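Feature annotations, courtesy of TrEMBL:
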- 5-328: domain 'Amino acid transporter transmembrane' (DOMAIN)
- 16-36: transmembrane segment (TRANSMEM)
- 68-88: transmembrane segment (TRANSMEM)
- 100-117: transmembrane segment (TRANSMEM)
- 137-158: transmembrane segment (TRANSMEM)
- 170-193: transmembrane segment (TRANSMEM)
- 213-237: transmembrane segment (TRANSMEM)
- 269-287: transmembrane segment (TRANSMEM)
- 293-317: transmembrane segment (TRANSMEM)
- 358-380: transmembrane segment (TRANSMEM)
Amino acid sequence: MELAEMAELLFNHRGIIAFYTCITVYLYGDLAIYAVAVPKSLREIICPRPSADAVVWECSDKFNSSDLYRLFVVLFGLLLGPFTFGHVHKTRTLQLVSTVIRHASFGLMIVLAIIGISRGHGRSVADVVSYEKPANIATFFGVCIYSFMCHHSVPGLVAPITDKSKVGMVLASAFMAVLSVYFVLCASATFRFQPEDIEDVYTLNFKNYPVQAFGYFLSLFPVFTLSASFPLICITLRENIRYLASSMNESAPLGDATPSRGLYGFLETNMYALVALLPPLVVAFFTEDVSMLVGFTGAYAGLGIQWIVPTFLVFCLRRRLASEWKQMHPMEVGATRPGTPAARGNKNRFASPFAHQAWLYLVLAFSVVSVVLITITHGMH
């Protein structure tokens with residue numbers, strides 16, 4: 001069962017609209033990041049930045065770096081945009097190739113950074129510890145949430161497990177593996193490069209590596225992987241917008257987002273496709289700041305998906321279970337309903353250690369505080 005199916009099962013009409021609104025905003029941010037990262041990577045390969053502090057530089061008699069970037073944004077939209085109007089499925093071959101490229105790129109970046117540190121090109125521990133820049137806290141927070149956004153993969157991990165008693169161990173192992181890779185990647189980058197030299201698309205830090213094959217491979221890594229994912233996410237966003245529009249129509253059955261047939265259905269699908277495709281391209285056309293987009297997407301929409309939505313899902317599920325338990329055991333409601341001392345006497349050894357209702361309120365409170373602090377920080381800087 002996917003996250004959207006859980007929301008449809010447990011949330012009321014307003015909750016479903018809020019859920020799909022959050023998902024839609026997140027997917028818009030995701031597509032904008034992709035639409036910036038790919039053209040920027042291509043621009044940096046064809047017209048390398050002369051120095052780290054260069055903002056706009058000449059590439060030819062007709063184009064400067066900004067013009068070339070915008071040209072690539074237009075080409076990116078023209079080449080991949082048409083897929084938004086059809087149906088594209090992620091095949092096993094595409095998943096396998098993408099996974100191999102991702103793992104190879106992550107491993108290569110870590111190894112090359114460690115080699116640079118071992119050759120004395122890195123930073124000292126004292127330098128790393130003494131560095132501080134409070135203005136980056138909001139972006140850092142958003143990037144952390146965006147990087148650890150893997151809720152959509154959790155159902156895929158749980159479903160194949162035959163022995164559900166091992167779900168906790170499998171999920172813990174998966175999250176620890178992700179955390180370990182991110183920690184090693186971030187630590188190696190922190191000790192290898194000066195903060196002002198780190199590109200917002202990290203793979204571009206290796207474009208001038210002496211072994212040119214490595215530099216080109218890492219620089220083109222976002223081009224291949226993100227370009228392959230862009231049409232799929234666009235189609236997902238298109239269908240989410242269709243569902244959201246259908247859900248807002250009180251007269252229509254909830255969730256009845258079946259595409260219409262004939263000419264009207266054709267126009268409707270194309271309209272939703274344009275609504276999904278154009279805003280990210282427009283954003284990419286006017287900015288190439290990936291870190292800003294990642295920070296904003298993660299800090300707001302990402303926080304909603306990662307913290308707030310799961311919290312309300314758990315709250316609604318517990319309330320439904322308690323209601324069903326009352327119906328099944330009407331004579332025992334006062335004695336052994338869930339949460340009472342008598343019920344806690346029959347402990348489930350697979351129960352979550354965070355079963356107390358206070359954890360839900362703590363997560364919600366922390367979410368509100370985080371949004372307020374992030375907004376204040378963005379406003380100040």
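Each Cβ is built from the backbone N, Cα and C atoms, and glycine gets one as well.
In summary, the transmembrane segment (100-117) does not lie against the transmembrane segment (16-36): fewer than three C-beta pairs, each 6 or more positions apart in sequence, are under 8 Å. Within the same chain, the transmembrane segment (293-317) packs against the transmembrane segment (16-36): three or more Cβ pairs sit under 8 Å, each pair at least 6 residues apart. Against the transmembrane segment (16-36), the recorded stretches 68-88, 269-287, 358-380 differ in Cβ pairs under 8 Å, and the greatest number is found for 269-287. Outside the transmembrane segment (358-380) by six or more residues, the chain places 134-135, 137-138, 141-142, 299-300, 303, 307-308, 311, 314-315 with a CB less than 8 A from a CB of the stretch.
Counting same-chain residues at least six beyond the ends of the transmembrane segment (68-88), those with a Cβ under 8 angstroms from any Cβ of the stretch are 35-36, 38-40, 42-43, 46-47, 59, 227, 230-232, 234-235, 238, 269-270, 273, 276-277, 281, 284-285, 288.
Within the chain, the transmembrane segment (269-287) has long-range Cβ neighbours (under 8 A, six or more residues past its boundaries) at 27-28, 31-32, 34-36, 39, 70, 73-74, 76-77, 81, 84-85, 234-235, 237-239, 241-242, 245, 259, 293.
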